Amino acid sequence: MKYYTQFENKSLADQLIQKALEYKQHPLLDKNLGAGKRIGLLFLNPSLRTRVSTQIAASNLGMEPIVLNMDKESWALEMRDGVIMNQNKVEHIKDAAGVLGSYFDVLALRAFPTLTDKGEDSEDYILHQFIKHSGLPVVSLESAIRHPLQSLADMITINEHKKSEKPKVVLTWAPHIKAIPHAVGNSFAEWSVGCGHDVTITHPEGYELDERFTQGANIEYDQEKALADADFVYVKNWSAFNDYGKILCTDESWMLTEQKLINAPQAKVMHCLPVRRNVELSDEILDGERSLVQFQAKNRIFAAQSVLSAIIK
Ligand code: CP
């Protein structure tokens, strides 16, 4: 595997999940696999879980991780080709990616969308610029449109807690105070359908995700109907995709509470974190028996370890 940027196929997903579960039992199983190799973890945006879990994963494999918070500590990057760089951007992405390509064996990149340029975001422009100009294997730490390490951790978590082969998985939109990217929702839908779950997505009208990611899922605008008999409920906000990057609804009644799960008594509740408590999800759920959020966060280590081992072996 050279690039880890999206769901590829169920067979690869199953292999990555199994390897991650092995690493969860024996974190230092391949502690010398990455000896002498260096991974650059490049962040154009903030992170807690992705930054720390990927560093731990690399260390568990004997790799040296070096974090560069490019948004705060590096030069402002010019992303567009052919521009006269006489404004505030100091270094072109071609030059920066080329240099970093000569320093590392693997690059991993977090690059959020603009939420203003739908075309550029939809083609994952920044991620592909790094792939093109670094020449290295690249792992997405969340791009404009996908968050594949989060989704792998989510699939591992579902695998550990499911009671049937084809669990009912509901992705429900939640309110938020800011315009939020689509990456987690897109990726969760893509992976959950790809892994063979019975997937329903519920959101207010106008919040339809890009159809590239939702094929094979049922779309149900009535949240109560969608949640009935759910085995797993994944809570996430995203801004509108068609009316790109806009907040169309602030209806607080979309927040997930215990009362909403009256017809889904066995449902486990998931969220990628960070979560706005009592805006997206109630305290009672987050602090209760249904919540899998800490399992998901811990599994981020083993998801990253599984992916890195597949890249460097
Ligand atoms: N879930 C997730 O990616 O968390 P961070 O943004 O803190 O990395």
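Sequential numbering from 1, following the chain as shown.
Cβ atoms here come from the backbone N, Cα and C positions, even for glycine.
Because TrEMBL annotations are produced automatically, they should be read as predictions rather than curated entries.
TrEMBL annotations:
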| type | residues | note |
| --- | --- | --- |
| DOMAIN | 13-160 | domain 'Aspartate/ornithine carbamoyltransferase carbamoyl-P binding' |
| BINDING | Ser47, Leu48, Arg49, Thr50, Trp75, Arg110, His147, Pro148, Leu149, Gln150, Cys272, Leu273, Arg300 | carbamoyl phosphate binding site |
| BINDING | Glu142, His176, Lys236, Arg276 | N(2)-succinyl-L-ornithine binding site |
| DOMAIN | 184-310 | domain 'Aspartate/ornithine carbamoyltransferase Asp/Orn-binding' |
Pairwise CA distances across Ser47, Leu48, Arg49, Thr50, Trp75, Arg110, His147, Pro148, Leu149, Gln150, Cys272, Leu273, Arg300 (listed as binding carbamoyl phosphate) top out, in Å, at 30
Determine, using Cα-Cα distances only, which of these binding-site residues is closest to His147 (carbamoyl phosphate binding site): His176, Lys236, Arg276. Lys236
Could you give me the DSSP helix, strand and coil counts for the domain 'Aspartate/ornithine carbamoyltransferase carbamoyl-P binding' (13-160)? 68 helix, 24 strand, 56 coil
What's the CA-CA gap between Arg276 (N(2)-succinyl-L-ornithine binding site) and Leu149 (carbamoyl phosphate binding site) in angstrom, rounded? 21
Of Ser47, Arg49, Cys272, Arg300, binding-site residues neighbouring ligand 1, Cβ under 6 A: Ser47, Arg49, Cys272
These are the binding-site residues: Arg49, His176, Arg276, Arg300. Which one scores highest on other Cβ atoms within 10 Å? Arg300
To the nearest whole angstrom, state the Cα distance for the pair Leu149 (carbamoyl phosphate binding site) and Glu142 (N(2)-succinyl-L-ornithine binding site). 8
